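**Q** Dropping a structure here in structure tokens format, bear with me for questions.
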């Protein structure tokens with residue numbers, strides 16, 4: 001009777017095993033296979049090459065403070081002490097999009113290992129520190145952008161001022177040159193007019209001198225003629241006087 005009971009139990013167990021294998025309800029087949037080795041650890045290996053440089057040293061955390069095998073990705077993802085150490089390091093060394101990249105990769109690797117939400121389990125204080133690191137970089141970027149924009153506007157204004165000043169100086173210089181040219185032309189015209197007046201005066205003076213000389217010459221000629229005429233009359237008068245004297249004596 002007892003042997004029959006043992007045989008029945010073994011048969012039932014074998015039937016259950018065959019049934020479970022044939023219908024595919026083995027719970028372990030629902031999870032991905034896990035490599036039981038890692039060069040760094042089960043968390044870091046698959047994402048290391050995609051991490052920003054600031055986070056690569058952070059994921060090289062020791063797994064000795066966890067009950068997990070160092071190669072077990074899923075186990076490491078749910079250990080706050082392990083994930084928290086990585087998160088603190090990232091918050092101190094990375095900023096902005098670098099932080100976002102690390103969190104995205106961590107979520108992806110933990111989700112792939114079969115871990116449910118929130119996938120990468122870290123303390124809330126570490127989560128806050130990561131958020132501040134990301135936001136601080138965004139604020140810094142905004143300030144830098146505003147500073148660069150202001151500098152660009154200042155440079156543009158300065159260039160405009162320089163151009164305007166140069167244009168003004170150029171116009172002033174052109175005006176000055178034009179004024180000097182006009183003044184020179186006026187001076188030349190005045191000198192030309194003076195030269196003409198001087199020439200006319202000299203010509204008039206020469207004409208007057210010539211006229212005076214001609215008048216003087218005419219007068220001299222007339223005087224000489226008169227003297228010559230008088231000289232011609234003198235013998236006649238003298239002869240007449242002699243004749244009169246003789247007549248008186250007789």
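FYI, residue positions are counted from 1 along the chain as it appears here.
Using N, Cα and C of the backbone, Cβ positions are placed for all residues, glycine too.
According to Swiss-Prot, the protein has these features:
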BINDING   72  heme binding site
COMPBIAS  178-192  compositional bias 'Low complexity'
COMPBIAS  193-209  compositional bias 'Basic and acidic residues'
COMPBIAS  210-219  compositional bias 'Low complexity'
DISULFID  54-94  disulfide bond
DISULFID  58-89  disulfide bond
DISULFID  68-75  disulfide bond
DISULFID  77-110  disulfide bond
DOMAIN    26-137  domain 'CFEM'
LIPID     230  GPI-anchor amidated asparagine
REGION    165-219  region 'Disordered'
SIGNAL    1-20  signal peptide
**Q** Check the Cα-Cα distances from residue 110 (disulfide bond) to the disulfide-bonded residues 58, 75, 89 and tell me which is shortest.
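**A** Ranked by Cα distance from residue 110 (disulfide bond), first place goes to 75.
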**Q** So what's the average pLDDT for the domain 'CFEM' (26-137)?
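**A** The answer is 91, the mean pLDDT of the model over that range.
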**Q** Looking at Cβ-Cβ distances, which residues of the chain lie under 8 angstroms from residue 94 (disulfide bond) while being 6 or more apart from it?
**A** 52, 54, 55, 102, 133
**Q** If one measures from the C-alpha of residue 68 (disulfide bond) to the C-alpha of residue 77 (disulfide bond), what distance in angstrom results, rounded to a whole number?
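**A** Distance between the two Cα atoms comes out at 10 Å.
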**Q** Taking each of the disulfide-bonded residues 54, 77 in turn and counting other Cβ atoms within 10 Å of its Cβ, which one has the fewest?
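**A** It is 54 that, of the disulfide-bonded residues 54, 77, has the fewest other Cβ atoms within 10 Å.
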**Q** Whole-number Å only: compute the distance from the Cα of residue 77 (disulfide bond) to the Cα of residue 89 (disulfide bond).
**A** 16
**Q** For residue 58 (disulfide bond) and residue 72 (heme binding site), what Cα-Cα distance in Å is obtained after rounding to a whole number?
**A** 18
**Q** I need the CA-to-CA distance for residue 72 (heme binding site) versus residue 89 (disulfide bond), whole Å please.
**A** 21
**Q** What is the separation, in Å, between the Cα atoms of residue 89 (disulfide bond) and residue 75 (disulfide bond)?
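**A** Distance (Cα to Cα, whole Å): 20 Å.
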**Q** Helix, strand or coil: which one is residue 75 (disulfide bond) in, per DSSP?
**A** helix
**Q** Pick out which of the disulfide-bonded residues 58, 68, 75, 89, 110 has the most other Cβ atoms within 10 Å of its own Cβ.
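**A** Buried the deepest by this measure is 110.
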**Q** Please state whether DSSP places residue 94 (disulfide bond) in a helix, a strand or coil.
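**A** The three-state answer is coil.
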